[in-house]
Amino acid sequence: MASLRSATALSRLRSRAGQQSNLSNSVRWLQMQSSADLDLHSQLKEMIPEQQERLKKVKSDLGKAQLGNITIDVVIGGMRGMTGLLWETSLLDPDEGIRFRGLSIPECQKLLPAAKPDGEPLPEGLLWLLLTGKVPSKEQVDGLSKELRDRATVPDYVYKAIDALPVSAHPMTQFASGVMALQVQSEFQEAYEKGIHKSKSWEPTSEDSLNLIARVPVVAAYVYQRIYKDGKIIPKDDSLDYGGNFSHMLGFDDPKMLELMRLYVTIHSDHEGGNVSAHTGHLVASALSDPYLSFLAALNGLAGPLHGLANQEVLLWIKSVVDECGENVTTEQLKDYVWKTLNSGKVVPGFGHGVLRKTDPRYTCQREFALKHLPDDPLFQLVSKLYEVVPPILTKLGKVKNPWPNVDAHSGVLLNHFGLAEARYYTVLFGVSRSLGICSQLIWDRALGLPLERPKSVTLDWIEKNCKKAA
């Protein structure tokens, strides 16, 4: 059966690769299929020595190779675009968008197992891909699904820690407090205190990471129920997968909403290592802080208005358009409202990206989902109009490198359609999703023995004294 599944999937990929004249995709996929009979832990245990040797060889052969010049503009500009991190799980291309272990979002949708035929990829499949670089079988994904369900037990003191906060506290504050309380059970901290050898530290890191990934949807769902509903805990459904169960525990059982949550978690899981949340998690973990502490720090970065709060602000802005112009807003009215926003010194939320220079493929796959499941939704139709109206206006301004929509331009409208309309909560959904990418990389940080992060800083005085003016 395994060989039949592989042959069928390979046939699909060869057809797709032929259409795109890209044979490398099928070659890469063949490489990724080795050791398909092993469970997740066994695969990691087999891979890690090979990757450790690979890293040693890279350091030996290429350690002195230069990656580029750093200018003062880069130093005072947030290190934007500076290559300075090793991040194995994903890579962001300015034109193609994110690739998870070399696979684009459309390729992941094609190759990763789904809950139903032609459905969205299961987040467990992406987690397997991020950790191993291999496309899992449906049986492997089902096994990982069960493992995560078995790990998804949250102690009572976690709920009590959240309950100690006012209900009015921001959802991210309550979510972060719950994650902090989970840290009490850290296996990495216990192993470190007992003197675990550095070469084995990836194993308790893996245990913590899988426990954390399994439990954060439970904590997040409780935060939602506490703030917006009756405060009751909806138990997990052992027949459902990770994304489906998250939707269920939030109180949404529409099959289309379950599919949306699978897609949402998958595409929000990772976006290489330089964004605030990913970099923060990596930085804190480099001090040998356990995965709970590291992910908590990442969440606090994600809560910032310039990072994870953007998806919240998009829906609020779109609703403000409807409030002022009505649902049947004309193109001219929409142009006027966009200019009004820009002339007031604000940005149009959901457009532009620090790295991407084309439409975010995460936006595109959400648009395809909407066209399939909710083509007549008024807010979706408004988002479609914005796609036509906003980029030309931003291009005309001449100050924007990327006028195209990003992932945040669409997600709120989809969630709102199925009843999850509380925009203030959206960053929590983002946080749950990002646990997959951050924790996967933390395991590899420990497996590869990556060092403490310690860049050099300078003062304005130092710059003025030591740097000559550019010619």
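Note that Cβ sites are derived from N, Cα and C of the backbone, with glycine treated the same way.
Swiss-Prot has this to say about the protein:
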type	residues	note
ACT_SITE	His307	active site
ACT_SITE	His353	active site
ACT_SITE	Asp408	active site
TRANSIT	1-18	transit peptide
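His307 (active site): 15 other CB atoms within 10 A of its CB, across all protein chains. Recorded residues His307 (active site) and Asp408 (active site) have their alpha carbons 10 Å apart, per Cα-Cα distance.
Asp408 (active site): 25 other CB atoms within 10 A of its CB, across all protein chains.
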